[in-house]
Amino acid sequence: MNPNQKIITIGSISIAIGIISLMLQIGNIISIWASHSIQTGSQNHTGICNQRIITYENSTWVNHTYVNINNTNVVAGKDKTSVTLAGNSSLCSISGWAIYTKDNSIRIGSKGDVFVIREPFISCSHLECKTFFLTQGALLNDKHSNGTVKDRSPYRALMSCPLGEAPSPYNSKFESVAWSASACHDGMGWLTIGISGPDNGAVAVLKYNGIITGTIKSWKKQILRTQESECVCMNGSCFTIMTDGPSNGAASYKIFKIEKGKVTKSIELNAPNFHYEECSCYPDTGTVMCVCRDNWHGSNRPWVSFNQNLDYQIGYICSGVFGDNPRPKDREGSCNPVTIDGADGVKGFSYKYGNGVWIGRTKSNRLRKGFEMIWDPNGWTNTDSDFSVKQDVVAITDWSGYSGSFVQHPELTGLDCIRPCFWVELVRGLPRENTTIWTSGSSISFCGVNSDTANWSWPDGAELPFTIDK
């Protein structure tokens, strides 16, 4: 090959390489442009990702699927149809309680970033269930956990996190500044009620889908407080009960009807010998039933039921299987307050089925330890202490605490009835475990089923003290 041929050959190869390089660059530019277009596309665009569709509603991601394209998370969304939770169905027939969730938050918090909390509760929309809780503005195993045995402080807030997960700064959503709270979903949006402020002038702030819609001022100036569990929504209206007045004597109790976060009606109960605190409420066949805490003089639980016009009935659970703590040993009951060991109390719940009642209670009648569910087939109206079913949930050697009801509507479950459920708070630390400087809790929950269930103990299980306590 002569020199001219060599030059021509080398030149041809160089041109070919240049053309190939140019084509690769053009392809890369097209790829980057296409990726950018996907990422910045309209939020209303619907994408199919492994045959799963993500739903976006009211600024809350309901179902998540992430697809990695060039190391960038792309989320597709579309509107989800809202419904109106009717609450007209009856409670599902059940024979026992199946374990639903356990968050193990104290165990996880010994090493991870987990909030110091109390008063957890669960509430469900037609799409999902969420855990709500009152944080102390502090993390477990941190210096700010010191002194969190205190109930009311300006650092407390109502927050929510996915069901069954330990509440942390990474998975939790702020709802309201509050040291007493409630929340519920009407099928279109979340109503939250957060009470904060001084004991003699606290205010309940109402929010609907995160926007302040109203306030309720303390009317007795004696620690306005509410349920510490879910409110009840039926046919577009939500209902809650608040207490204002002494915790050891007659107080004032009001039912509020709320629509899209605004109070449309309220009444004060005429209940001079009753005491209602921290009510656990649920819908049943178009009415609201609330089972509450008598902190004044009853070791059996008071109840109030009302319709959507706020016409109400009141009473005490008659059964000799007493539901409060402290309480006497089971004996002859009463449809009025049972005053033996009636002072003080703990938040709890029951479910009424005709003349029968499922009673949730601590296993200990003096300490907040253990938990059990008891079916008394005549206990709503009869005063004997006979029962036919007892299901163990937490052993008497392990700490429990508050408990409360929540329900799953047919719009969520696909059933033709309202499924009854409950949660139990498992409190650890002060005041009973004085090797710690803090007070917090984890939680478990159960739902009613008409099939086989287990008798066991699902305790908190954390080993104390923590590093911060030593």
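The chain as shown is numbered from 1 upward.
A Cβ is built for glycine as well, from the same backbone N, Cα and C atoms used for every other residue.
Taken as a whole, the topological domain 'Virion surface' (28-470) shows an average pLDDT of 92 in this prediction. Swiss-Prot lists 28-470 with the feature topological domain 'Virion surface', giving sequence analysis as the kind of evidence.
Taken from Swiss-Prot, the feature N-linked glycosylation site applies to ASN44 (among others).
The N-linked glycosylation site feature in Swiss-Prot is assigned to ASN58 (among others).
What Swiss-Prot lists as N-linked glycosylation site is ASN63 (among others).
Among the features that Swiss-Prot reports, N-linked glycosylation site is placed at ASN70 (among others).
Here ASN88 (N-linked glycosylation site) comes close to MET234, ASN235, THR285, GLY286: these same-chain residues lie at least six apart in sequence, with C-beta atoms under 8 angstroms from its C-beta. Annotation comment: Swiss-Prot describes ASN88 (among others) as N-linked glycosylation site, evidence class sequence analysis.
Per Swiss-Prot, disulfide bond is recorded for CYS92-CYS417 (among others). Secondary structure at CYS417 (disulfide bond), as computed by DSSP, is coil.
Annotation note: ARG293 (substrate binding site) sits in a strand segment as assigned by DSSP. Residues or ranges marked as substrate binding site by Swiss-Prot: ARG118, ARG152, GLU277, GLU278, ARG293, ARG368.
Around the Cβ of CYS129 (disulfide bond), the same chain contributes ILE122, SER123, LEU163, PHE406, GLN408, LEU412, each under 8 angstroms and 6 or more positions distant in sequence. Annotation comment: Swiss-Prot describes CYS124-CYS129 (among others) as disulfide bond, evidence class sequence analysis.
For ASN146 (among others), the entry in Swiss-Prot reads N-linked glycosylation site. Within its own chain, ASN146 (N-linked glycosylation site) has ILE437, TRP438, ILE468 as residues 6 or more apart in sequence whose C-beta sits under 8 angstroms from its own.
Here Swiss-Prot flags CYS184-CYS231 (among others) as disulfide bond, drawing on sequence analysis. Within 10 Å of the Cβ of CYS231 (disulfide bond) there are 25 other Cβ atoms, across all protein chains.
Sequence annotations record features per position, and here Swiss-Prot assigns disulfide bond to CYS233-CYS238 (among others) based on sequence analysis. Sequence-distant contacts (6 or more apart, same chain, Cβ under 8 Å) of CYS233 (disulfide bond) comprise LEU85, GLY87, CYS184, HIS185, ASP186, GLY187, LEU191, PHE239, PRO283.
Reduced to three states, the DSSP call for ASN235 (N-linked glycosylation site) is coil. Counting every protein chain shown, the number of other Cβ atoms lying within 10 Å of the Cβ of ASN235 (N-linked glycosylation site) is 15. Taken from Swiss-Prot, the feature N-linked glycosylation site applies to ASN235 (among others), supported by sequence analysis.
Under 8 Å, Cβ to Cβ, and six or more positions away along its own chain, CYS292 (disulfide bond) finds ILE241, TYR276, GLU277, GLU278, CYS279, SER280, ARG301, PRO302, TRP303, VAL304. Residues or ranges marked as disulfide bond in Swiss-Prot (evidence: sequence analysis): CYS279-CYS292 (among others).
Per Swiss-Prot, disulfide bond is recorded for CYS281-CYS290 (among others). With a cut-off of 8 Å between CB atoms and residues at least 6 apart in sequence, the same chain places GLN227, SER229, GLU230, CYS231, VAL232, PHE239, THR240, ILE241, VAL288, MET289, CYS290, VAL291, SER405 near CYS281 (disulfide bond), listed in sequence order.
DSSP assigns GLY298 (Ca(2+) binding site) to coil in the three-state reduction, outside any helix or strand. Around GLY298 (Ca(2+) binding site), a 10 Å sphere centred on its CB holds 29 further CB atoms from the protein chains shown. Residues or ranges marked as Ca(2+) binding site by Swiss-Prot: ASP294, GLY298, ASP324.
If you take the Cα of CYS421 (disulfide bond) and the Cα of CYS92 (disulfide bond), they are about 11 angstrom apart, rounded to a whole number. Among the recorded positions CYS92, CYS318, ASP324, CYS335, the ones whose Cα is located within 10 Å of the Cα of ARG293 (substrate binding site) are ASP324.
Here the Cα atom of ASP294 (Ca(2+) binding site) is found 28 Å from that of ASN434 (N-linked glycosylation site).
CYS417 (disulfide bond) is 38 Å away from ARG152 (substrate binding site) when you measure Cα to Cα. Each of the disulfide-bonded residues CYS92, CYS290, CYS335, CYS417, CYS447 was scored by the other Cβ atoms within 10 Å of its Cβ; the lowest score goes to CYS335.
Separating the Cα atoms of ASP324 (Ca(2+) binding site) and CYS335 (disulfide bond) is a whole-number distance of 15 Å. CYS335 (disulfide bond) is 39 Å away from ASN434 (N-linked glycosylation site) when you measure Cα to Cα.
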